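> Sending over a structure as structure tokens; questions will come in a sec.
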Amino acid sequence: MSIEERVKKIIVEQLGVKEEEVKSESSFIEDLGADSLDTVELVMALEEEFDIEIPDEEAEKITTVQSAIDYVQNNQ
């Protein structure tokens, strides 16, 4: 499974959205209905899945599906 597929799978599980709703340009809050707690839990799930640490200042920049994919790809 690619990084993109793994990230999207985590988003589907964490936010309870349908897979087809999760597009690269989707914003977690505006498009996928996440709140601030959801985004924190999403970052924690990404850290666990990919065995990385995401500092708070970086986590705040992860607001879309693509930004999550890019962050993981650049920090693995």
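The count begins at 1 with the first shown residue.
Backbone N, Cα and C atoms are what each Cβ position is placed from, and that goes for glycine too.
Below, the features straight out of Swiss-Prot:
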DOMAIN    1-76  domain 'Carrier'
MOD_RES   Ser36  O-(pantetheine 4'-phosphoryl)serine
> Which number gives the other C-beta atoms within 10 angstroms of the C-beta of Ser36 (O-(pantetheine 4'-phosphoryl)serine), all protein chains shown included?
9
> For the domain 'Carrier' (1-76), what is the mean per-residue pLDDT, to the nearest integer?
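That stretch averages a pLDDT of 98.
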